[in-house]
């Protein structure tokens, strides 16, 4: 370990910043946020420094650097564009045993400043030891996407509760189990974010008084159409908190690699060597795991409420009194069309979109007359095997045989394949494709040649 990570208490302590440019301005913001008494020394200052000085937030000393400016300082930062001046600041600070950071020169510095994820009072710092600041920044951005914005509010609220929790629960183990329940409670987090004080109080009281045995719950999470980058931030947070993840074949391996490592994984899809698990059995798996007190994520491709049978699964949980929540996902129609260069709506060609399933419960029948009208886009989910029937029904109800049509296989994935032609050729196009695939019918398909961006990357 080349550096010892520490967090400095600088409130009301004197700090010197040498430099008055944009870089120095960024450092000044950090020092001010930490509550330091900041003196800034430079030949010239950006307008923001003058604003701060006029507001008596810091002190400006215009002129050449002199070592005596470091007297009584706890910490110094050299942030000029003059290497000689930066070296002078570093040497003067070293002589006085004052920690000094030198921007872009870690070897001259006695401390370095990390990339920061600020969820005050929770702080996360990332550093490469000055060897690769860009890598540290990229890691910070990844962590920013994972850590919920409300964490700071939650941490502050937990601080207010500490005395009561210590009084309520006699042992360290009981207190730990309570905090674990509190920090993963979505309702409390949302109430804090909405500043709903009554809901916060009610939820807290429930957590404090209910048995400490963890109450199971189920979260339906939409994984999106395939590309792991299209998974929502909330979806990512949920799969990283899960005790068990129940998933199907439409969830990509890249997304499964993001699941919490020690979570149990239950595959319920249909894949080579596996038989599809009946829906009723899936419902019972969710129910059984939640009744064990586990946090269950039902991870579905696309959006769980768009041909994902999410409603059926939640009805079972509702009847059993199991708490549940839903995290929407990008549905296949939206993702596949965007990655294929096919806008679902367009002022000249389509004023509406119809999302249609290729499967109906026994006895169901589509309203083909309404589907065959102009100025709309049709998107058929799970319709590949029904392509001949879709072609026949639409043409029989008046849709032109030359209506543009496309089929998207493995949409949004690097293996995405798209074929396009006309409605009259739909059965022939389908023979070239494999599931999972989506059928798109409408004049907007004709824009694909112009707007196809993904395959060109």
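Cβ coordinates come from backbone N, Cα and C, glycine included.
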S-adenosyl-L-methionine site partner of 301, 302, 303, 306, 331, 332, 382, 411 (as recorded in Swiss-Prot), chosen from 225, 278, 343: 225
Express the distance between the Cα positions of residue 128 (phosphoserine) and residue 23 (NAD(+) binding site) as a whole number of Å. 19
Considering all pairs of residues in 225, 301, 302, 303, 306, 331, 332, 382, 411, annotated in the record as contacting S-adenosyl-L-methionine, what is the maximal C-alpha distance expressed in whole angstrom? 16
How many other Cβ atoms sit within 10 Å of the Cβ of residue 225 (S-adenosyl-L-methionine binding site)? 30
Taking the recorded NAD(+) site as 22, 23, 43, 44, identify the other residues of that chain whose CB atom sits within 8 Å of the mean position of the site's CB atoms, giving them in sequence order. 19, 20, 21, 24, 25, 42, 45, 46, 80, 81
Nonlocal neighbours by CB distance (under 8 Å) for residue 411 (S-adenosyl-L-methionine binding site), same chain, sequence gap 6 or more: 225, 226, 332, 335, 336, 339, 340, 436, 438
Given a 10 Å Cβ-Cβ cut-off, pick out the one of the recorded positions 22, 44, 248 that has the most other Cβ atoms nearby. 248
Quick one: which residues besides 225, 301, 302, 303, 306, 331, 332, 382, 411 have a Cβ within 8 Å of the S-adenosyl-L-methionine site's Cβ centroid, in sequence order? 224, 250, 307, 308, 329, 330, 333, 335, 336, 381, 438
